[in-house]
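S.K.: Handing you a structure now.
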Amino acid sequence: MNIFNPNHDRKAIVIFSGGQDSTTCLFQAIAEYGKENIEAITFQYGQRHAIELEKARTIAQDLGIKQTLIDTSVMKAITHNALMDEQAHIEQKENELPNTFVDGRNALFLLYAAIYAKGQGIQDIITGVCETDFSGYPDCRDVFIKSMNVTLNLAMDYPIPISKTPLMYLTKAQTWQLADELGVLDYVQKHTHTCYEGIEGGCRKCPSCILRNKGLKKYLTQKGRKNV
């Protein structure tokens, strides 16, 4: 993977949750744009666990990145899902989306990020969505991102290329590889939060933990074989 392609004449904002994917994107953005040209935007959408926001804040402070927190918790009043209901049991029924899917979340995030970017003179928006190793979320697909790009350009008359989706076609193992190539695999493993249950270090049982740990194990196995 070619990950170092300095683009220091532009500014970018990373949609940042404090999870593995968005943190990897943040590190890649720093390498590509320079830390002084990067900002992070985080959304409080009514997620069931505060640890997600705490991790995002801590990482942004640790890296010296300006972080903007936007409250979109009104979503709890108009939609229901397991990510915003502490009492809900996380599950996925056959031929249905997982009940962790938040209707309209990524569309809303991109809209607010675009509004902020235009106001700050930021050219690029980076998001860690991926359609390779994902749970079937329709708003993680490349076709959706491209559609939002067109929609926002038309709505705001501002050429924001939301096409910055560096993880779109990477497996979870390849995302770990990218973190390793950036020299931050240990940091991402130690400091990011992915667990749907909000457990520090992960519950190892929820779909998100399983995908994360399976990807890490696969990458480390492949890396070990190459080093033999």
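Going from the start of the chain as shown, residues are counted 1 onward.
Heads up, the Cβ atoms here are built off N, Cα and C, so glycines get one too.
Summarising the annotation, Swiss-Prot assigns ATP binding site to Phe16, Ser17, Gly18, Gly19, Gln20, Asp21, Ser22, Thr23, Thr24, Cys25, Leu26. Under the heading Zn(2+) binding site, Swiss-Prot lists Cys195, Cys203, Cys206, Cys209, citing sequence analysis as support.
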S.K.: How many Å separate the Cα atoms of Thr24 (ATP binding site) and Cys206 (Zn(2+) binding site)?
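M.R.: About 21 Å separates the two Cα atoms.
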S.K.: What does the structure give for the C-alpha distance between Gly18 (ATP binding site) and Cys195 (Zn(2+) binding site)? Integer Å is fine.
M.R.: 11
S.K.: How many whole Å apart are the CA atoms of Gln20 (ATP binding site) and Cys209 (Zn(2+) binding site)?
M.R.: 11
S.K.: Taking just the CA atoms, what is the gap between Cys203 (Zn(2+) binding site) and Phe16 (ATP binding site) in Å?
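M.R.: Just about 22 Å between their Cα atoms.
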S.K.: Hey, does DSSP put Gly18 (ATP binding site) in a helix, a strand, or just coil?
M.R.: coil
S.K.: With Cys206 (Zn(2+) binding site) as the reference Cα, tell me which of the binding-site residues Phe16, Ser22, Leu26 is the closest one.
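M.R.: Given the candidates Phe16, Ser22, Leu26, the nearest one is Ser22.
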S.K.: Any idea what the Cα distance is from Phe16 (ATP binding site) over to Cys195 (Zn(2+) binding site), rounded to a whole Å?
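M.R.: Taking the Cα atoms only, Phe16 (ATP binding site) lies 16 Å from Cys195 (Zn(2+) binding site).
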S.K.: Could you name the residues, excluding Phe16, Ser17, Gly18, Gly19, Gln20, Asp21, Ser22, Thr23, Thr24, Cys25, Leu26, of the same chain that surround the ATP site, i.e. Cβ within 8 Å of the Cβ centre of those residues, in sequence order?
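M.R.: Surrounding the site, in chain order, are Val14, Gly128, Thr192.
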S.K.: Determine which residues of the same chain, besides Cys195, Cys203, Cys206, Cys209, have their CB within 8 A of the center of the CB atoms at the recorded Zn(2+) site, and list them by sequence.
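M.R.: Near the Zn(2+) site, beyond Cys195, Cys203, Cys206, Cys209, sit Thr194, Tyr196, Glu197, Ile199, Gly202, Arg204, Lys205, Pro207, Ser208, Ile210.
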S.K.: Would you count the other C-beta atoms found within 10 angstroms of the C-beta of Cys203 (Zn(2+) binding site) for me?
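M.R.: A count of 15.
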